[in-house]
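K.L.:
First the structure, which I've put down as C-alpha cells, then a few questions once you've had a look.
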C-alpha cells in the first residue's frame with residue numbers, strides 16, 4: 001500500500017498504529033507527530049549530517065532528505081527492509097544513502113551532527129553508541145516505547161534496565177520521561193559528556209526526547225547536579241507514599257526558546273501543551289477530587305481561581321486534569337472545596 005506523509009510517498013507492506021512490530025518495512029501511523037517534530041527540529045538545529053539509525057520503511061530518513069538541507073544516511077540491518085527502503089528512495093528521488101548494517105557499526109564509522117534512535121522497544125542498548133559517536137554540540141532524537149518499564153509498572157525491570165525506582169501513579173508519564181532523560185544523562189556522564197534537553201513529549205504509546213550533547217568533565221559534573229531523587233510525600237502532599245523515587249532528571253524538559261521558534265501547524269497543539277512542563281510535577285484535580293470525595297469541577301474554572309489567589313496555573317501534557325502551578329497542593333484542595341460549596 002502507498003502512504004503519503006509530509007513530502008514523501010512511501011510504499012509499505014502494511015500501515016499500523018500501536019507500540020510497534022518486528023516486520024520488514026514497518027510503518028507506524030502513530031509516529032507521524034514524532035517525525036514531524038524531527039523535521040522541525042533538524043531545521044532549527046541546522047545540522048548537516050543525519051543518521052536515521054533504524055530505517056524500517058525509510059520514511060523518516062526520506063522525509064529528512066526531502067524536507068531539510070541535511071545529508072542523510074539510513075541504517076537498516078534487515079535485508080527485507082533494505083529492499084523496501086531502496087524502492088522508497090527511488091520513488092521519491094531522495095538523496096539518502098542506505099547502509100545495510102546495524103546501528104552501532106554505522107554510528108561509529110561516520111561522523112554525524114544528529115543521530116536518530118527510534119528502535120523497537122527500549123533505546124537503552126543503543127544509547128552509549130549514540131552518545132559516544134555524535135559530534136560535539138550535536139543532537140540526539142530518542143524514542144522509547146517501553147512505557148511499562150519507565151513508569152514503574154514492572155518494578156524489577158525498571159531497576160534492571162534504568163537502575164531506578166518509580167511509583168506507578170498519576171505522575172507516571174512525567175516520571176517516565178524524567179527517568180529516561182536521567183538515564184541518558186547518567187550514560188553521558190560516564191563518558192565525560194553532558195546533555196541539554198531540547199524537547200520532550202509523551203504521545204500515545206511512546207516518549208520522545210531530543211537532547212544536545214556536549215563534551216567535557218566540567219559540563220558533565222554540572223549536569224549531574226540535575227539528577228536526583230524526589231519524595232512526593234514531602235514535596236507535594238502527605239497523602240502520597242513516603243518513598244524516594246529516582247534517580248530522575250529534576251531540571252528542565254524543554255528549551256523554552258526553541259519551542260517559541262517552532263511554527264509548524266502540524267505540531268502546534270503539542271508544542272502549546274508542553275510549554276509549561278519544565279516545572280517539576282503538577283497538581284491533578286482528579287486525584288484531589290477522589291481523595292476529598294468531591295465532584296470534578298471544570299479545569300479552566302479551577303485554574304482561574306488559582307490565578308486569583310496570586311499563583312501561576314497552566315495545562316500540562318502529562319494529564320488531562322493536571323495543572324502546573326506554584327500553588328501548594330493543600331491550597332488547591334481548599335480551592336476545590338470552596339468551589340464545590342457554590
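Keep in mind that glycine also has a Cβ here, set from the backbone N, Cα and C atoms.
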K.L.:
For the S-adenosyl-L-methionine site that Swiss-Prot assigns to 60, 76, which of 2, 35 is also named?
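P.N.:
According to Swiss-Prot, the candidate sharing the S-adenosyl-L-methionine site with 60, 76 is 35.
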K.L.:
Quiz question: given the binding-site residues 35, 60, which has the greatest number of C-beta atoms lying within 10 angstroms of its own C-beta?
P.N.:
60
K.L.:
For the domain 'Trm1 methyltransferase' (1-336), what is the mean per-residue pLDDT, to the nearest integer?
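P.N.:
Average per-residue pLDDT within the domain 'Trm1 methyltransferase' (1-336): 96.
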K.L.:
According to DSSP, which of helix, strand or coil covers residue 35 (S-adenosyl-L-methionine binding site)?
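P.N.:
DSSP call for residue 35 (S-adenosyl-L-methionine binding site): helix.
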